[in-house]
């Protein structure tokens, strides 16, 4: 879901993948996996599956998209969520409810043969299971791509790594990374290409875009702390929907009038079970770890081929071709080329 602060962000720089060649990018793994689950589908919205009915849309996205990053000279570091904060339970419940409703509408659309509607609802109907997560970690490890296990929110950990300078930017479709302090956020990194507009036979080009935290703060005349307060007012994953009657523009006015969170939240009708100061403090000081390695490793090609082809029924010819490209990318990136870029 993420925080809805897009109205505050005007300075977006469109990127080509070549613009970030040589950079290490920390990706919100779950955000990327849900993008792949939504995008890699058959015409009726059904995800890719093995003959046993095991979903492989996410496997496909992780494998082929990550290989393309490496080919472009980009080192992706996938950051996986850890334990959710206790006050995120409502957001999780809401997602489960929305998935159940979408699944019902998907099946209804299939029954009447409305493939357009079926595909739309299918994108929201499926979940990332624990088995899919473990499979994706295995694929990345066999590719030699770094993975990081966050103690809590993946975006918080990615932002921490960016603030330390261990990665150049974070990557996610959500803006939460900015509230967690990421100096740079790249959106659309995992969905670059053409995307169909909802309900229309129209396709638009989607390119990565760079957002810099300092530019956002300077343009709006606020601090990061005030940005966090705006996020809480309009709604985060921890207080869905935000404070009634307050949109982004009104929130901006309020944080400029009441600069301390204690003053601000005492002036608005707060109707959530969670204390707003707890959310504020979580964004400022989330649990993170320094126990990670961002270096690219040599791919385990034989094991990767077996895992993709024998266990998950991918095309042997195509997988072999991509593995050869991964091996070449590793030689390029580990042979001194990366240091000259990063």
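Cβ coordinates come from backbone N, Cα and C, glycine included.
Sequence annotations record features per position, and here Swiss-Prot assigns Mg(2+) 1 binding site to 28, 81, 153, 155. Within 10 Å of the C-beta of residue 155 (Mg(2+) 1 binding site) we count 31 further C-beta atoms, all protein chains included.
Classification of residue 237 (Mg(2+) 2 binding site) by DSSP places it in coil, neither helical nor stranded. Residues or ranges marked as Mg(2+) 2 binding site by Swiss-Prot: 174, 176, 237.
Here the region 'N-domain' (1-99) is broken down by DSSP into helix, strand and coil counts: 47 helix, 18 strand, 34 coil. Positions annotated as region 'N-domain' by Swiss-Prot: 1-99.
The annotation region 'I-domain' is assigned in Swiss-Prot to 117-259.
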Within a 10 Å radius of its Cβ, which of these binding-site residues (153, 174, 176, 237) has the fewest neighbouring Cβ atoms?
174
Can you tell me how far the Cα of residue 28 (Mg(2+) 1 binding site) sits from the Cα of residue 174 (Mg(2+) 2 binding site), in Å?
9
Which listed residue (28, 81) has most other Cβ within 10 Å, given these are binding-site residues
28
Residue 176 (Mg(2+) 2 binding site) to residue 155 (Mg(2+) 1 binding site), Cα to Cα, whole Å, comes out at 7
